């Protein structure tokens, strides 16, 4: 019987469904090992030829006069190309795997690639571009009323974040860097975030719309997520506290995102800064992972298993094995995710210095309770203590304990973690249905959980009746 073989690939998502780009990747029925190798070699040759063509074609093509901007004070397409190609480590526009942006009659385009302008008719669940737009400063000034404080929605290590409205009506988040931040390390993080975001596309990852690097202005334009971050929800700053079913759904969304980064991209991507404040929440209480300034791509060299690098991350979330060896792997993200699971269950921050000394490290405190069969005592005081919620708390805490083991080799992969979370979800649903059958008035948690079932984003190869990701 013929076997199925495939080339691992990033998946493109539209309306919650994953699609494959048939122009570059395809499923192939293979009858023998020799045929599989031939198909693999042929695919590699085609991709290499395509890359060479793009580099030569885009590198030599000249702009027509009508394709240049006429707006005063705005950079030309040639300037934009120079900015992009002038970056250290990114020698040409094709370094992004994308093409250089041009603007003609108000419509954004890319040479040699498909592009859909993010107009008012475009669905928020669809990716509206195939690469980053290089904005002009004038465009971003108009979008934010000259960076008015009225439009300011946040501030962080990068700088100030504004809510903006592009010329075509698209609402975006505009991250403007602090000018006194500029240094070699910071500039690397700025460029790294753009480079990483330009290579990924997933419903549970914040989308990159574009950027600006002109003079002393450094700006990143990303998808606007309207409902704050997970930490704000756990602190009760965003209205009603999250119920257990909603917390589980958010954990699954983050697991989806990390599984994609580790498994389905061309080269595995390690986020390196998974924490509650980097998990943005939509109005439908779905999660999107943000902030890729620290992200790293694992080498494409055969056999590469880690990156030797300076330690980066947030206190309380950093993998102790990474701290000890300076070797970064995807299991470092797994450790951070385990800390995040504990944070979701308890509502506490990873480190709380105002608590008694033995309870200051939230993970250690929670795992002591688990060892004493007292998992219910770690639950956020605002969570309802029904049967389903208590069972989920214990199962998620056991899963978190696997993620935060000191030795990375014993930690599960994100793919397996996602499978276990789906199993917990199915069991919770069954418990709720059984409870509601004997009690005509279901809890609000039951309603919120079942009601979200039809609205969830799908992870590739995971369905309610499946036990694994293939």
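Placed from the backbone N, Cα and C atoms, the Cβ positions cover glycine too.
It is 162-185, from the ranges 138-161, 162-185, that Swiss-Prot records as region 'CaM-binding'. The stretch that Swiss-Prot tags with region 'Disordered', taken from the ranges 1-29, 30-58, is 1-29.
Most other Cβ atoms within 10 A: among the recorded positions 273, 277, 322, that distinction falls to 322. Each residue contributes its Cα atom, and for residue 273 (active site, proton acceptor) and residue 322 (phosphotyrosine) these two points are 13 Å apart.
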